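S.K.: I grabbed these lines from TrEMBL:
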type     : residues : note
DOMAIN   : 384-434  : domain 'Cationic amino acid transporter C-terminal'
TRANSMEM : 59-80    : transmembrane segment
TRANSMEM : 87-109   : transmembrane segment
TRANSMEM : 129-151  : transmembrane segment
TRANSMEM : 172-196  : transmembrane segment
TRANSMEM : 216-240  : transmembrane segment
TRANSMEM : 261-284  : transmembrane segment
TRANSMEM : 290-312  : transmembrane segment
TRANSMEM : 324-345  : transmembrane segment
TRANSMEM : 351-371  : transmembrane segment
TRANSMEM : 383-405  : transmembrane segment
TRANSMEM : 411-429  : transmembrane segment
Amino acid sequence: MAAVAAGELAAFLTGANLIMEYVFSNAAVARSFTAYLGTAVGVDAPREWRIAVRGLPEGFNQVDLVAVAVILLVSVCICYSTKESSAVNLALTAVHVAFILFVIGMGFRHGDARNLTRPADPARSPGGFFPHGAAGVFNGAAMVYLSYIGYDAVSTMAEEVQRPARDIPAGVSGSVVVVTVLYCLMAASMSMLLPYDAIDPEAPFSGAFKGRERCAWVSNVVGAGASLGILTSLMVAMLGQARYLCVIGRSGVMPAWLARVNPRTATPVNASAFLGLFTAALALFTELDILLNLVCIGTLFVFYMVANAVVYRRYAGAGATWPTLAFLLVFSLAALAFTLAWKLAPPEPRGLRAGLLAACAALAAAAVAAFQALVPQARSPQLWGVPGMPWVPAASVFLNVFLLGSLDRPSYVRFAIFSAAALLVYVLYSVHASYDAEESGRLDVDAAGGKVQDEACTV
């Protein structure tokens with residue numbers, strides 16, 4: 001969609017960020033697997049199982065061999081067979097859901113509602129139900145975007161689904177609803193078990209039961225359940241990331257070697273092995289918080305691009321291309337102005353900040369209303385489509401811009417370095433490889449201007 005809406009470069013950067021968020025999130029999840037596995041067997045894993053290496057910079061000096069081993073194990077599984085991997089994933093998911101319900105029940109049973117408002121250390125941490133105010137809520141919202149990675153992996157499996165037009169949208173929307181409800185319940189139970197400033201960032205749920213009378217065994221059970229859940233998450237995410245890279249390889253902007261499918265296993269073995277090794281290398285050294293920040297900024301950028309592409313795809317055409325682009329630009333600038341006013345506007349004089357925020361929000365809403373009234377939709381979805389156009393994707397654009405403003409400066413620096421490296425790859429290789437493929441007839445151009453892989457092309 002991004003290729004049709006904004007061109008090959010925008011599509012390449014979006015695809016690169018999709019791969020980036022999967023690789024970084026899988027590395028982060030594998031690092032947390034070490035902590036939970038240690039909890040399950042009664043070992044302080046971060047201290048006992050990770051090897052400190054002198055001379056390496058802070059944040060990259062804790063070698064985690066367990067994380068590397070689990071990533072390589074999952075990579076071997078997904079290279080072997082999609083069918084068998086799906087069967088293993090289904091069994092792990094069933095066990096994981098049972099553990100989630102167990103954790104929620106134990107949290108509400110043994111938790112204390114007073115922990116929702118009181119910190120463990122009032123001298124160092126603010127109290128109250130919103131201890132860091134609205135800014136803290138939005139900062140947290142930007143970070144938990146990590147939890148919404150992976151649903152798009154369902155769409156990457158379309159080639160292996162019998163009825164993708166029906167099953168893919170139902171699978172994505174249904175899983176989002178179920179997981180959101182479970183996530184909120186787990187967050188509530190966690191906050192009741194411990195004050196927010198006493199939560200263990202490495203293994204929060206299993207750590208919450210440590211030291212509790214008659215509940216110490218729960219910590220081991222939760223650690224085992226979380227370890228199985230992490231394996232499930234890794235398997236799904238690594239299945240998806242390999243297929244993303246396979247599709248990018250088919251497009252010609254990456255080496256076609258990555259798009260080769262093993263005739264015996266019917267899996268993209270090359271892409272799976274390449275990304276598995278890359279993910280393992282990151283998980284070996286990089287600390288969890290660095291990985292999480294990179295994942296969040298990449299995810300927000302991708303969601304922003306996709307929301308814009310949805311509007312462009314539905315409205316551009318029949319003379320409406322430039323009005324659509326103008327609307328997307330004006331709306332993004334209004335969202336950016338709202339974000340800057342929220343971050344930078346001084347609290348005094350009283351009412352100035354609220355006035356600026358109201359003006360920016362009113363401008364954004366007026367832009368959407370005017371666009372809806374003046375520009376008709378050029379295309380209608382045949383089966384499934386985003387409802388409430390253009391309000392729903394516009395709200396997504398606004399939210400993603402706002403949450404991007406909540407992230408810290410080092411995350412932007414690392415994101416800029418990654419984007420510059422991706423742009424360099426595109427300029428030095430991808431644009432030429434794609435052009436050569438088009439000239440040789442391996443790629444055709446469809447009516448909308450997007451490049452399409454020739455059905456007869458064998459890679």
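Using the three backbone atoms N, Cα and C, a Cβ is placed for every residue, glycine included.
Predicted automatically and left uncurated, TrEMBL annotations should be read as such.
Could you tell me the structural context for the features on the list?
M.R.: Long-range contacts of the transmembrane segment (59-80) within the same chain: residues 26-27, 30-31, 33-34, 37, 45-46, 49-53, 88, 230-231, 234-235, 238-239, 242, 262, 265, 267, 269, 272-273, 275-277, 279-280, 283-287, 289-290, each at least 6 residues beyond the stretch ends and with a Cβ under 8 Å from a Cβ of the stretch.
Distant neighbours of the transmembrane segment (261-284): 19, 22-24, 26-28, 30-31, 63-65, 67-68, 71-72, 74-75, 78-82, 238, 241-243, 245-246, 249, 291; these residues of the same chain sit at least 6 beyond its ends, with a Cβ under 8 Å from one of its Cβ atoms.
Long-range Cβ contacts of the transmembrane segment (324-345) within its own chain (Cβ-Cβ under 8 Å, at least 6 residues beyond either end) map to 308, 311-312, 315-316, 352-353, 356-357, 360-361, 363-364, 367-368, 371, 375, 390, 394, 397-398, 401-402, 404-405.
Note on the transmembrane segment (351-371): residues 315, 323-324, 327, 330-331, 334-335, 337-338, 341-342, 345, 390-391, 394, 398 of its chain, located 6 or more positions outside it, place their CB under 8 angstroms from a CB of the stretch.
Same-chain residues lying 6+ beyond the ends of the transmembrane segment (383-405) with a Cβ under 8 Å from its Cβ atoms: 138, 141-142, 145, 165-166, 169, 297, 300-301, 303-304, 307-308, 310-311, 314-315, 327-328, 331-332, 334-336, 338-340, 342-343, 364, 368, 371-372, 377.
Tertiary proximity for the transmembrane segment (411-429) is limited to same-chain residues at least six positions away from its ends with a CB under 8 Å from its CB atoms, namely 9, 12-13, 16-17, 20, 253, 290, 293-294, 296-298, 301.
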S.K.: What average pLDDT does the predicted model assign to the domain 'Cationic amino acid transporter C-terminal' (384-434)?
M.R.: 85
